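What Swiss-Prot records for this protein:
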- 91, 93, 95, 102: Ca(2+) binding site (BINDING)
- 549, 551, 552, 553, 554, 555, 566, 567, 572, 598, 653, 654, 656, 684: GTP binding site (BINDING)
- 554, 572, 595: Mg(2+) binding site (BINDING)
- 202-376: coiled coil (COILED)
- 1-10: compositional bias 'Basic and acidic residues' (COMPBIAS)
- 78-113: domain 'EF-hand' (DOMAIN)
- 724: S-geranylgeranyl cysteine (LIPID)
- 1-30: region 'Disordered' (REGION)
- 343-535: region 'Proline-rich domain (PRD) which mediates interaction with VAV1' (REGION)
- 567-575: region 'Switch-I' (REGION)
- 598-614: region 'Switch-II' (REGION)
């Protein structure tokens, strides 16, 4: 016979028969108006049927085939066989496809049949609930009669098992015992045996627990006794340590007291000495007090003397300031004089340049005149043609090369005069010193050599230009003209015999000796008209170009000054110079560019020009390794003459001839880095780095001069000394 609790458990295991389900059914029975079945709306049903048809007809054919229905296998929880059964049920005519009307009609019939089945199941549930309600009411009446007997039996069981000592709440066990007694009576004895075993084990565990608690209490008591013993021992040790510490402290205090007594006695003795010293100092102070009056009187005298000295110092300061102002005025005047001197040097240099150009034009005129006279001479001496040819061939072996200065100026030479005799005359000429600088003059001398046999050519005078190497270059050609006029002028002629040799043929005597000093040279008037008056430069620097022969110094200077290149130029003899004006940082800078001869016999002249140079340019040939090896010798000459106080420009020329290079760029850079030089590789032929290198050197010279001017020592007024006595 089932109890209410048993019905609740069994109903909870069956779906649709739980408390909620039974309650809902009873509520429906109590309210029969809620049992009305709400039918779905007809339009909603038709709409759902159409949506399901469109889902099946994904291709939009207007009908559904069996394959379309099988595609829903993945979307619906139905197997293929079930889907085929649905298709067969909807296909009433059996034509193998479903139209929208057939699908909607079949779907509505299926829906209505499901609703009818649901109503029948609902009726069955209502009937079952009514039966359960009747059964429940009968069970409650039986429980009322049996409660008293079951409670007595359960209490007897608990007393027999001794559960009161183990369990505090017997409700759970009572409920389980009653459930088994009602539902499963045959299992009740097993349950009671299980309870007997469990309670026996619990009783045993309880006894073990009591034993463990007793052992634990004994252990705690023993531990407390041990702790108490340790505490007493610690108290005894602390007491003994305290007594020892007090004993040591007493001894230490006594020793400290004795030490302090000794120090006190020493301090008393020191105090006595200080008292004696104080008495002595008081006596000295009294003596010093007497001296104080004397010192005051002396200080008064010194104060008066100090005032007089201060007034004298002030007068001296005023005089020193006046002297300083005069010194500054003199410095300004000296600076102005220096600038005027530089401008004068520049103007004289320009005049010398124009004089040189005029002389060149005069030489051209004389050459033309000599050619005309030579033609007349050839007609006159046709009979002696063979003898003259032999004489010219003998002179070809002793020809000399024309220099850029001495060669371009008229260099009078005899017909039979050799190059060695020429050099001997030049260097044996007396050197002249000038307070201004370079002394250049023209000297006409008679040639002692004889003319050609039978030609009747008299002795001629040659034009000589001697350059002083002792002082600054300041030509004095404009200070009164020449002592002797230009009387005779030889001509060097290049006679090409199949491009193999040159012959120097002497020109006949020109009877052009005037009685008065020479005036303007031929073509000089035209030169003054063609040349534009240059602007006054702000700075003037002298730069000396040195290097082995044939490295291209003259061609480089011609490229700088004339912007052209002339191949096959003759070697420089002696010294030549040019003037180049450049603009550096908005300032006009005039550069005197001195071209020196590279031959060994002219090096003594070149080295003398280093002393007054502002800068030096050392050049070598990129295609000749020997010229680069000579650079160190040139640098040694510069260092011996001027030390390291002037900048040096290292130039590697003939960069245009890269195929024949023998000196790598790295060697030049390394040499420049070791000796602190300015390094450029240039080309006189193409003009590459010609202007750039010169501007770099000019800018460096200008910066050095600005630094020297700014570092000029300014003498300031001396600081006024304070008097010692106020």
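Using the three backbone atoms N, Cα and C, a Cβ is placed for every residue, glycine included.
Annotated features, which come from Swiss-Prot, shown on the structure.
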residue : record              : Cβ contacts under 8 Å, 6 or more apart
91      : Ca(2+) binding site : 97, 98, 102
93      : Ca(2+) binding site : 102
95      : Ca(2+) binding site : none
549     : GTP binding site    : 571, 597, 598, 599
552     : GTP binding site    : 619, 621, 653, 654, 684
656     : GTP binding site    : 683, 685, 686, 688
Subject >> Taken over the coiled coil (202-376), the model's mean pLDDT >> reply: 88
**OP:** Within 10 Å of residue 595 (Mg(2+) binding site) by C-alpha distance: pick out those among the binding-site residues 554, 566, 572, and say none if nothing qualifies.
**Re:** 554, 572
**OP:** State the count of C-beta atoms found within 10 angstroms of the C-beta of residue 595 (Mg(2+) binding site), not counting that atom itself.
**Re:** 23
Original post:
residue 102 (Ca(2+) binding site) has how many other Cβ neighbours within 10 Å of its own Cβ?
Top reply: 18
Original post:
To which of the binding-site residues 554, 566 does the lowest count of other Cβ atoms within 10 Å belong?
Top reply: 566
Original post:
Would you list the DSSP helix, strand and coil counts for the residues of the region 'Switch-I' (567-575)?
Top reply: 0 helix, 1 strand, 8 coil
**OP:** Taking the recorded Ca(2+) site as 91, 93, 95, 102, identify the other residues of that chain whose CB atom sits within 8 Å of the mean position of the site's CB atoms, giving them in sequence order.
**Re:** 90, 92, 94, 96, 97, 98, 99
**OP:** For the domain 'EF-hand' (78-113), jot down how many residues DSSP puts in helix, in strand and in coil.
**Re:** 25 helix, 2 strand, 9 coil
**OP:** Count the other Cβ atoms sitting within 10 Å of the Cβ of residue 653 (GTP binding site), across every protein chain shown.
**Re:** 27
**OP:** Give the helix, strand or coil assignment DSSP yields for residue 549 (GTP binding site).
**Re:** coil
Original post:
Among 549, 551, 552, 553, 554, 555, 566, 567, 572, 598, 653, 654, 656, 684, which the record lists as binding GTP, how far apart in Å are the two most distant Cα atoms?
Top reply: 22
